[in-house]
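Undergrad: Supplied in structure tokens, the structure appears directly below.
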Amino acid sequence: MGIREFPGSAPRAKSIAVGMRRSPDVSPRRLSDISPQLRQLKYLVVDEAIKEDLKWSRSVEDLTSGPVGLTSIEERILRITGYYGYQPWATSYKREERPREPPGPAEAQAPAGTEAGGRTSRHRWTCSQEQLRKVFWGVAVVFCVCASWAGSTQLARLTFKTFDAPFTLTWFATNWNFLFFPLYYAGHVCKSTEKQSVKQRYRECCRFFGDNGLTLKVFFTKAAPFGVLWTLTNYLYLHAIKKINATDVSVLFCCNKAFVFLLSWIVLRDRFMGVRIVAAILAIAGIVMMTYADGFHSHSVIGIALVVGSASMSALYKVLFKLLLGSAKFGEAALFLSILGVFNIVFITCIPIILYFTRVEYWNSFDDIPWGNLCGFSILLLTFNIVLNFGIAVTYPTLMSLGIVLSVPVNAVVDHYTSQIVFNGVRVIAIIIIGLGFLLLLLPEEWDVWLIKLLTRLKVRKKEETAESSGDLGTGPQSRSRRARPSFAR
């Protein structure tokens with residue numbers, strides 16, 4: 001039908017057909033291996049239909065490879081003779097059924113997402129439901145942290161107008177830490193499928209302190225020092241509010257992030273990061289500029305020193321906790337904070353009494369105490385600590401830290417309308433520098449790798465868009481005809 005035999009050529013044609021059906025696994029790769037079959041090709045006459053089928057059976061790789069857009073003569077002859085598994089006389093042959101050869105070096109090294117013609121498909125940024133939920137909760141957590149921290153600062157400043165007792169206020173607010181573990185257990189009962197009794201949950205959380213649990217020795221060696229640091233941090237912060245405005249106090253307290261990095265680098269041998277050293281330098285420069293903004297008056301210098309001391313105590317608390325106790329789960333953290341409240345009630349109560357009788361922090365009668373302000377400050381501070389310690393369960397830690405920075409402009413707006421603060425150029429620059437240093441400290445350790453990947457991806461996308469725009473310009477009928485019939489003339 002497709003091949004006409006001449007007289008006396010039947011045995012030769014039969015041998016050629018047998019050679020054509022040879023398996024591709026034993027296919028030769030040189031012309032000298034099939035020279036007998038090539039000499040017998042002169043006895044075959046191929047119909048025009050087979051020629052047309054051969055022409056359309058060339059793959060995209062065959063048409064695009066080579067310097068002139070065609071395959072080599074050797075490959076074409078091997079394919080025609082059937083050594084690549086191609087049988088043009090089979091009517092049931094389809095292009096999709098042709099076995100694919102293993103990818104070559106160029107195809108194997110092609111990046112993921114490339115299409116058959118070499119064009120790279122655009123990556124679509126997808127956001128899962130889990131990520132959307134975390135971002136939504138992150139916004140809520142940022143708002144809650146910002147509102148509670150700024151609100152507690154402003155409410156403390158308002159309280160000192162009628163009740164000048166910062167240590168008593170610190171003691172009263174720290175007693176509310178006792179509610180951490182009961183609130184955690186209530187959440188455990190509501191959400192956990194395997195509910196435990198209070199005693200069972202307490203014993204399980206006590207394993208955080210060691211195999212023996214919470215003993216008297218562990219209480220004085222691992223809990224009491226943190227109770228002292230907690231009290232000093234809050235007392236120095238509240239005492240500074242009496243000396244300087246709330247905006248300066250809140251922005252200077254943001255330096256504790258830089259102090260945490262420096263202490264972690266020295267004590268915990270954490271990874272050195274140049275960008276965090278720059279952030280620490282910015283924090284120190286901001287402190288100096290903030291002092292200069294008020295003209296180095298003794299009143300402001302004492303207030304700034306108190307805030308820096310509070311930030312240092314906070315950094316020491318965090319670094320020692322990681323050094324001595326490591327990381328804690330939610331139940332263990334709640335139990336630890338409740339133990340700090342118990343320590344405050346048992347061992348710190350004597351100090352406000354002494355201050356009262358020595359008239360250092362004195363008030364005429366208990367009716368003069370603004371209980372509403374004291375309870376409001378304690379609730380806001382408790383809310384701030386709850387969100388800061390347990391917000392990681394619903395969102396990212398970086399978003400929670402942003403709430404502390406955002407409290408600075410909130411305090412600035414409130415101070416602008418309620419006090420006589422002067423936002424001169426030096427104070428504004430100091431606030432910006434400290435805020436920038438705080439944001440640099442929020443960068444993850446692999447930020448440079450992510451930045452390089454982002455720049456590389458943007459560069460590749462720009463090249464793709466340039467290639468697509470140049471390809472769209474050449475899609476007219478003239479360019480198509482040129483592709484169909486290539487010309488070698490200059």
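Backbone N, Cα and C define each Cβ position, glycine as well.
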Undergrad: If TrEMBL is the reference, give me the range from 1-31, 187-217 marked as region 'Disordered'.
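TA: Based on what TrEMBL states, region 'Disordered' spans 1-31.
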Undergrad: For the transmembrane segment (168-187) and the transmembrane segment (420-443), check the count of CB pairs under 8 Å (sequence separation 6 or more) and say whether it reaches 3 or more.
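TA: No, these stretches are not in contact.
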Undergrad: Could you check if the transmembrane segment (299-321) is in contact with the transmembrane segment (250-268), meaning 3+ Cβ pairs under 8 Å among residue pairs at least 6 apart in sequence?
TA: yes
Undergrad: At an 8 Å Cβ cut-off, counting only pairs 6 or more apart in sequence, do the transmembrane segment (394-414) and the transmembrane segment (135-156) clear the bar of 3 or more pairs?
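TA: Yes, the stretches contact each other.
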Undergrad: Do the transmembrane segment (208-230) and the transmembrane segment (333-357) come together with 3 or more C-beta pairs under 8 Å, pairs six or more apart in sequence?
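TA: Result for the transmembrane segment (208-230) with the transmembrane segment (333-357) is yes.
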Undergrad: Under an 8 Å Cβ to Cβ limit, what residues of the same chain, 6 or more beyond the ends of the transmembrane segment (420-443), are close to it?
TA: 245, 247-248, 251-252, 254-255, 257-258, 261, 275-276, 278-283, 285-287, 289-290, 292-293, 398, 401-402, 404-405, 408, 412
